[in-house]
């Protein structure tokens, strides 16, 4: 093939190809201000139009490599749909996790729905309070085991504890005899467990 024939083919290909760069103008319709619009809104519209006027004409590059045997990789719609579905499922699981957490933390059953941040803060406070309760329980148990405290509580106090509505009473408190009355701190901790 001769060089002039190649040039004719490339000229013919250029006739069928869209231009590499073209100018796109935004159509802006100016309308007279209505009687309902104030002068302030008209001046805002004018400022908006002036600020966007440099963008009225801009070069948009459209390159078509199809005639040269090249193609740009296109995102597969199926892959995008699967990715979006995975993200929706992930968000749903996170939201379900927060809903479950709201049910287990104090103030979670209140009328006002707690935000995610409030739920996390409440869970942290709840865990700290439970940890403190366990630490104090371990300290009391260690004191009983070392013999510092003697298990002598009056039967009246045990009966009072059993008669309190909604208060958690251990099964061994009435079965195994009497113990010393609880200190105000220990009583407060028992009251704390009634919140839940």
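Please read every residue number as a count from 1 along the shown chain.
Every residue gets a Cβ built from N, Cα and C, even glycine.
Taking Swiss-Prot as the reference, the stretch among 131-158, 159-186 described by the feature region 'Disordered' is residues 159-186.
Looking up the ranges 11-32, 33-54 in Swiss-Prot, the one annotated as region 'Disordered' turns out to be 33-54.
Averaged across the domain 'bHLH' (78-130), pLDDT for the predicted model comes to 90.
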